[in-house]
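What TrEMBL annotates here:
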- ASP30, LYS35, THR86, THR121, GLU153, LYS264, ARG329: NAD(+) binding site (BINDING)
- PHE150, LEU151, ARG152, GLU153, LYS205, PHE250, LEU251, PHE252, PRO253, GLY254, GLY258, LYS322: substrate binding site (BINDING)
- CYS261: active site, nucleophile (ACT_SITE)
- 315-417: domain 'UDP-glucose/GDP-mannose dehydrogenase C-terminal' (DOMAIN)
Amino acid sequence: MKITVVGTGYVGLVTGTCFAETGNDVTCVDIDVNKVSKLSAGQITIYEPGLEKLFERNLKEERLHFTTNLAEGIQDAQVIFLALPTPPGEDGSADLSYILKVADQLGVLLKDYKVIVDKSTVPVGTADKVHAAIAKNAKVEFDVVSNPEFLREGVAVEDFMKPDRVVIGTSSERARKVMGDLYAPFVRQGNPIIYMDEKSAELTKYAANSFLATKISFMNEIAILCEKLGADVDMVRRGIGSDDRIGKRFLFPGIGYGGSCFPKDVQALVKSSQEVQYAFRILDAVMDVNEKQKLFLLPKISNYYKGNLKGKHFALWGLAFKPNTDDIREAPALYIIDALVKEGATVSVFDPEAMPNVKGVIGEKVTYADNQYTALENADALIIATEWSVFRTPDFDKITSSLKEKVVFDGRNLFDVPRMQELGFFYESVGRKPSTI
Ligand SMILES: NC(=O)C1=CN([C@@H]2O[C@H](COP(=O)(O)OP(=O)(O)OC[C@H]3O[C@@H](n4cnc5c(N)ncnc54)[C@H](O)[C@@H]3O)[C@@H](O)[C@H]2O)C=CC1
Ligand SMILES: O=C(O)[C@H]1O[C@H](OP(=O)(O)OP(=O)(O)OC[C@H]2O[C@@H](n3ccc(=O)[nH]c3=O)[C@H](O)[C@@H]2O)[C@H](O)[C@@H](O)[C@@H]1O
């Protein structure tokens with residue numbers, strides 16, 4: 001099938017590449033000239049494990065094309081995916097201007113029947129708005145489908161190629177058939193395509209992200225309670241996660257959820273609720289808990305140094321909002337750095353992928369180390385903010401010889417508390433008893 005993906009950011013590039021991989025002829029359109037010229041020249045623009053190989057193969061075999069020209073990009077396409085940004089507006093609701101602008105343009109450009117697909121995360125009622133915007137100028141038939149994306153950064157290719165489910169929101173039989181054919185190769189392993197109306201599909205996406213965020217904030221509060229009551233959150237997590245009704249995943253406490261989606265989508269659902277005069281109280285609490293959780297380690301650090309961080313120097317491992325991505329949007333590490341610097345401390349950081357992005361945002365506010373161990377030199381303590389695999393089994397002898405004191409504040413519970421005790425570290429983590437020197 002010939003398809004077009006408008007917006008070649010994270011979701012657009014993964015969507016386009018994966019559809020090319022299943023034999024479709026894909027054209028990706030973006031207004032960012034620099035991005036399009038890099039991609040056309042075979043240079044991938046995001047860090048995503050496994051994507052580069054697929055991207056290179058499909059570019060070479062000419063199933064993947066890039067252009068800045070929307071009219072040219074949609075020629076002969078049967079399906080047009082809109083993978084455009086929907087950032088939070090000033091009041092927290094999703095900003096639909098990117099989507100509606102392209103919808104306006106499409107109305108003029110459509111020459112024959114096409115299925116227009118909202119791939120972006122958009123509030124309930126957006127498919128109707130996109131339909132109306134296209135219909136203003138369109139002289140041909142078309143359908144608008146809601147097909148939200150559930151991929152996670154870092155495992156995006158696997159999530160896209162082997163989805164737990166594909167949600168397709170449409171009331172058109174014709175569009176349903178086209179979408180079903182397109183997704184058939186991805187759901188062969190037995191996972192379903194779930195057809196529904198457009199509004200239910202739109203709400204499914206927000207409900208999924210908000211529920212997962214709720215699970216995380218819930219566990220973060222359980223972790224706080226564990227510390228206060230002398231329980232161990234690892235035990236509690238395993239104890240409840242073995243119940244199928246609860247499930248093992250997304251029960252890991254830490255220093256809060258970040259990224260480009262949970263924070264913005266929870267906020268947007270709260271806003272949508274307010275617009276229909278409903279106060280979604282659980283989600284207010286989820287956001288509130290998460291805001292506080294980002295700075296969870298700070299009182300622990302401050303207590304250790306008796307309230308005075310002036311002149312202290314910290315090594316910080318992990319800047320990305322989670323491992324296997326260079327994405328630093330809403331990354332808890334940035335909040336921690338900010339708080340430490342405000343208290344008069346200095347910070348030396350290391351992240352396997354995210355340092356160039358951080359440099360672009362906070363510049364020389366911190367020093368950037370060549371590797372995880374050079375970050376430790378002359379540091380009073382180590383802080384861990386992202387659970388990259390390379391941090392999980394470090395050389396503790398190197399840590400010991402580089403740090404001024406054997407002190408670790410771990411926001412991701414990477415190490416065993418008894419082991420750290422044995423190694424003689426002062427070790428504070430989340431929801432577990434500290435190891436003391
Ligand atoms: N990043 C993620 O992991 C996921 C994101 N989503 C949703 O997907 C949507 C897109 O997110 P990302 O891919 O992360 O955004 P992004 O910001 O990485 O990419 C958006 C792209 O759209 C381009 N663009 C903007 N205006 C354009 C126009 N008029 N014509 C053509 N291209 C244009 C930008 O240049 C950029 O390359 C959002 O609604 C997001 O919530 C959904 C699931 C996962
Ligand atoms: O809409 C989106 O953009 C995507 O948002 C999330 O994906 P992503 O933001 O890539 O990352 P997650 O793996 O979900 O992690 C989000 C945040 O939650 C945190 N988290 C996750 C799991 C956990 O148990 N504990 C925890 O604190 C992570 O550290 C991270 O900061 C969802 O998992 C995807 O299904 C969805 O498509």
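Cβ coordinates are placed from backbone N, Cα and C, and glycine is handled just like the others.
It should be emphasised that the depicted structure is a prediction, and the values quoted were computed from it without experimental measurement.
Proximity to ligand 2 at the level of Cβ atoms, with a cut-off under 6 angstroms, picks out ARG152 from the binding-site residues LYS35, THR86, ARG152. The binding-site residues recorded for this entry are LYS35, GLU153, LYS264, and the Cα of LYS264 lies nearest to that of LYS205 (substrate binding site). Across the structure, ASP30 (NAD(+) binding site) and PRO253 (substrate binding site) are spaced 38 Å apart at their Cα atoms. Those residues noted as binding substrate (PHE150, LEU151, ARG152, GLU153, LYS205, PHE250, LEU251, PHE252, PRO253, GLY254, GLY258, LYS322) have their most widely separated CA atoms at a distance of 24 Å. Taking the C-alpha atom of THR86 (NAD(+) binding site) as reference, the shortest distance to any of the recorded positions PHE150, ARG152, PRO253, GLY258, CYS261 belongs to CYS261. If you take the CA of ARG329 (NAD(+) binding site) and look 10 A around it, the recorded positions you hit from PHE150, ARG152, LEU251, PRO253, CYS261 are CYS261. The separation of ARG152 (substrate binding site) from THR121 (NAD(+) binding site), Cα to Cα, is 13 Å. Mean per-residue pLDDT, taken over the domain 'UDP-glucose/GDP-mannose dehydrogenase C-terminal' (315-417), amounts to 97. The binding-site residues recorded for this entry are LYS35, GLU153, LYS264, and the Cα of LYS264 lies nearest to that of GLY258 (substrate binding site). Across ASP30, LYS35, THR86, THR121, GLU153, LYS264, ARG329, which the record gives as binding NAD(+), the greatest C-alpha separation is 24 Å.
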